[in-house]
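**Student:** Not my notes, these are from TrEMBL:
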DOMAIN    51-60  domain 'Uroporphyrinogen decarboxylase (URO-D)'
BINDING   ARG56, GLN57, ALA58, GLY59, ARG60, ASP105, TYR180, SER235, HIS359  substrate binding site
SITE      ASP105  site 'Transition state stabilizer'
DOMAIN    168-184  domain 'Uroporphyrinogen decarboxylase (URO-D)'
Amino acid sequence: MVTRVRCGDRRRRSRAGAPAVAALTVMNTRRELPDSPYLAAARGRKHARVPVWFMRQAGRSLPEYRALRARNTMMQACFDAELITEITLQPVRRHGVDAAILFSDIVVPLRASGIALDIVPDVGPVIEHPVRTAGDVAAIRPLERQTIAPVEQAVTMLTSALGDVPLIGFAGAPFTLASYLVEGGPSKHHEHTKAMMLGAPDVWHALMSALTDVTIAFLQAQVDAGVDALQVFDSWAGTLSLADYRSYVMPHSARVFEALAPAGVPMTHFGVGTAELLGAMSEAVAAAGTPGVVGVDWRTSLTDAAARIERGSALQGNLDPVVLLAGWPVVEPAVRAVVEDGRRAVDAGAAGHVFNLGHGVLPATDPGIVTATVDLVHSL
């Protein structure tokens, strides 16, 4: 069975392998977690300490994760409820972070919708038939709930196992999903994506509308199963100008947040290289009716970000992930600086601050440094 964990509980498993988890029926298990520093900060409420979690905290930096993945492909792991559960719990046990984030991948709802794709090691998602025409767009099927049953089951198991630690559900934003589909995989310049967006706007908006529906369905399934918060990753939005973002992307992202508003859970919007988009991204989150959380990468100070976002929005970030590779004498002052910048940002009008990296934990990161970072943030 899965051992319940508490915030700060770092018990390790006795063996590296998938847990023996009894099958559970998916049901709405919304929890009341009034003492969660993460949920308080995300809602702009007073909290006892600066909360901390990390994007990609469940990943290749952990030896226990590598042991599980050695026997399973990424797609196998993302559609196995027991593996999703175990991998999600690993960093909570080891590091004592203030939130767990559901183990999954941005392209999982695309695969569940019937799109032929795979995640190729050292490459990323590869689409068998890139989406380039109106006919390709018309062929995209809605996401049906039964195709993601393992994800819902994992959420139910996790809300039971996590104790007082909140669970963050997530999905890729429509633009980032569109970029993978149109380019056929990761891209440096996103030339096919931008060409469709600018040269065939009707096809583009039809694609974005279809992917917005897929994203909403994927997030709604997680909400119904009991996640405590949501994060929408727009990994490639930083490739856009502010004008193009507002015209071609923001309305679709806003529809995602608006559709999930009735759930009443805190929602975060994050992208890389999005300094000029932070205001618009916070507007998209605010389409839910209340300000949300805006993720900030390491290129923009939190204080500067506070001046760009919607009033009442909280901030998340923003230590450069590479800093964690530089040794503790470098890490410690950098962590302190981010916490202090977060306090200045709150003084400048941000509703709260959640400590995180400006992107995901890098595979070469020493897990001990991550744990020490959590301890330091909690002490400040």
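Cβ from N, Cα, C; glycine included.
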**Student:** Should anything in the same chain at least six residues away from the domain 'Uroporphyrinogen decarboxylase (URO-D)' (168-184) have a Cβ under 8 Å from its Cβ atoms, list it; otherwise answer none.
**Tutor:** 53, 99-102, 104, 106-107, 109-110, 115, 117, 125-127, 130-132, 155, 190-193, 196, 204, 207-208, 211-212, 214-215, 218-219, 222-223, 227-237, 240, 248-249, 252-253, 256, 268-269, 271
**Student:** Can you tell me how far the Cα of ARG60 (substrate binding site) sits from the Cα of ASP105 (site 'Transition state stabilizer'), in Å?
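**Tutor:** So the alpha carbons of ARG60 (substrate binding site) and ASP105 (site 'Transition state stabilizer') sit roughly 14 Å from each other.
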**Student:** Of all the binding-site residues given, ARG60, HIS359, which has the fewest Cβ neighbours within 10 Å once its own Cβ is left out?
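**Tutor:** Each of the binding-site residues ARG60, HIS359 was scored; lowest Cβ tally within 10 Å is ARG60.
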**Student:** Who are the chain neighbours of the domain 'Uroporphyrinogen decarboxylase (URO-D)' (51-60) in space, where the CB to CB distance is under 8 Å and they lie at least 6 residues beyond its ends?
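**Tutor:** 36-38, 40-41, 66, 69, 87-88, 90-91, 95, 97-101, 103, 168, 270, 354-357, 359-361, 363, 370, 373-374, 377-378.
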**Student:** Roughly how wide, in whole Å, is the group ARG56, GLN57, ALA58, GLY59, ARG60, ASP105, TYR180, SER235, HIS359 that binds substrate, by largest Cα to Cα distance?
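**Tutor:** Those residues reach a largest Cα separation of 23 Å.
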**Student:** Which one of these recorded positions, ALA58, ASP105, TYR180, has the sparsest Cβ neighbourhood, judged by other Cβ atoms within 10 angstroms?
**Tutor:** ASP105
**Student:** Can you give me the Cα-Cα distance between ASP105 (site 'Transition state stabilizer') and HIS359 (substrate binding site) in Å, rounded to a whole number?
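**Tutor:** Here the two Cα atoms are 15 Å apart.
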